[in-house]
Amino acid sequence: MIVLIATVYEFYWLSFHGTLILESRADQFVYDISDPNQNRSLSNSIGNFFSIWSAIDNTKRLFTISNPSRLMLFDTFRLIIVLLIGLTNLFYHIPLTEILHNISLSVPYELFTSNKYFFIRVPTFLNDGLLIIGGALLVRSIFKHIVHRNDSTSYLIYFIRRWIRLTFPLFGSIVFFFLLPSTGYGPLWFRLIELLMPSCHSSTILLSSFLHFSNWNFVRTNYSNDEAFVVCNPDTWFISITFQLNLIFFIIILFMYQSPKRGLRALILIIIVSVLLSISPRLLFPNTRTFYELHRQPSLWDTRRSFYLYHQNIFQYFGSFSVGLLLGYAIIVNENVTEDPKSNNHQRRQKKILLYNLLAFIGFLLPFVFVNQFFTTDIDSIKELAALLFVSIGRFIFSIAFAWILYVCVTRKSPFLNSLLTPRSIQPVARLSYSLFLVQPLVHYHRMYSHKETYVMTFRGTIENFLCDTIISIALAYCLYLLFEAPANRLSTMLLSRSNHSVEEFLNTNTRNRNYWKDYTQNDSLQKTKPILNVTNNMIDDENDGGPLNMSRSRTSTMNKEICDENGIISIRF
């Protein structure tokens, strides 16, 4: 209702002024409140509040790129991964569900025999890709906030904003789930509602979702015979893991800032240990097999427990998130280090980059090719050692390769890939990736369980259904964005930033001449880094989950050498 009222008010404002201003009035209220010549309507608090909820303003933000160096590549990759997650769930959920009794299909047998399904056989790797991107954005955001005064307050405000940005769209998706029972009918439909809705009516489960520890609910359900869902929106366990990893690795990021040399050593050590954590279920529980060895599972209960331990366990994602932190640090260093393109070192480095690109491409494709050996009619040929190596070393290789691909694209060391993966036409949809992730299951459930006739499942038919579901999901994600995601992001940004800093100090780009690494709080023990880089005119766009940082830099040729001081930047050179 408030979105409708705000949109009507916006139409009234447009009719009164006869044109659409280039910037959001809510943003102008924050940025230009000290301007005495500003239009009176722009400084009206009621008008600015309505502007936050306006469908017109929020839709415009999807199409407007306010920051030229915004990491649009991350948005594109997140959209691709979210769509692949939806496709994987669609292929596996239909044939494996126990409630679709009336079904005619050819896909389930092919899923375990045909090589053409390689793209949906590594679901954990898709989650790794999202966490690598999330880790990189977290490092950039924390390093940005570390330059402000009152750092402890800034950190607290950052995580409050992070919680708001994750939780409000999640709340909106749960509201959509409450509307789900009224959209269909039939025996299968009622069976779905019986399984899904009890968790949505449980205050304990809802609280665990909103506080982001719902992934631990699977500990209970996978060690019992409980049939019901343990989260209202089934995919929210991954959001909980993401938020928990942000909290856990926050100290590591501060350590990296205070002492980059030691911080990077600790981060690399975590990445190495994570290889063992990937196979820790097999080391700790004798009867636990990977989900590539279903034929060796003694019971359905063991199968469910194995799936949780290898797929929904937070310790499985320490490695990929750590690789993301390393990626974010490398991007920051690259932004602040330059070299002469005509030098011999630059030419040699370009040859190395070409070699690394080739190795990354091979490492990226290798797991998708190697996984096919676990899907064969000769189940006795599947070796346990090969499966364990795949979920440990294979994931490590994939994470490093994927992180390198992101690095060369973001730093424009591969201009072709960067331009190919950042088309302007796809960016509005790419910015909806989080909302799309939340509403995809809703659309898939409706298609599967509201079917009134025999469900015919073929490869082509499933792809066609997926394309139709994707269009519907994007429309639903757009509604979720207008109702919850965009207002929550903008309201939290405006209120929390004003509570911590004055408007002029926080957002006036004309007076923000700061050293990105310099200590502005004399008594703060967390900031002892020596100034080695001058940064001017910082323009912050924290719109997208920890958001990109656009920096107009004054670079010097002295940055070409590696800095090995314990409290200086470690220059990551390739």
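Heads up, the Cβ atoms here are built off N, Cα and C, so glycines get one too.
Feature annotations, courtesy of TrEMBL:
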{"type": "TRANSMEM", "residues": "71-92", "note": "transmembrane segment"}
{"type": "TRANSMEM", "residues": "118-143", "note": "transmembrane segment"}
{"type": "TRANSMEM", "residues": "163-180", "note": "transmembrane segment"}
{"type": "TRANSMEM", "residues": "237-257", "note": "transmembrane segment"}
{"type": "TRANSMEM", "residues": "264-285", "note": "transmembrane segment"}
{"type": "TRANSMEM", "residues": "314-332", "note": "transmembrane segment"}
{"type": "TRANSMEM", "residues": "353-375", "note": "transmembrane segment"}
{"type": "TRANSMEM", "residues": "387-408", "note": "transmembrane segment"}
{"type": "TRANSMEM", "residues": "466-484", "note": "transmembrane segment"}
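Counting Cβ pairs under 8 Å that are 6 or more residues apart, the transmembrane segment (163-180) and the transmembrane segment (264-285) reach fewer than 3 and are not in contact. Contact between the transmembrane segment (118-143) and the transmembrane segment (314-332) holds: at least three of their C-beta pairs are under 8 Å, each pair 6 or more apart in sequence. The stretch from 71-92, 314-332, 387-408, 466-484 that makes the most Cβ contacts under 8 Å with the transmembrane segment (237-257) is 314-332. Sequence-distant contacts of the transmembrane segment (353-375), counting only residues of its own chain at least 6 positions beyond either end whose CB sits under 8 Å from a CB of the stretch, comprise 111-115, 117-119, 121-122, 125, 292-293, 381-382, 386-387, 390, 394-395, 397-398, 400-402, 404-405, 408, 413-414, 574. Same-chain residues lying 6 or more positions outside the transmembrane segment (264-285) and placing a CB less than 8 Å from one of its CB atoms are 252, 255-256, 305-306, 309-310, 313, 315-316, 318-320, 322-323, 325-326, 329, 388, 391-393, 395-396, 570.
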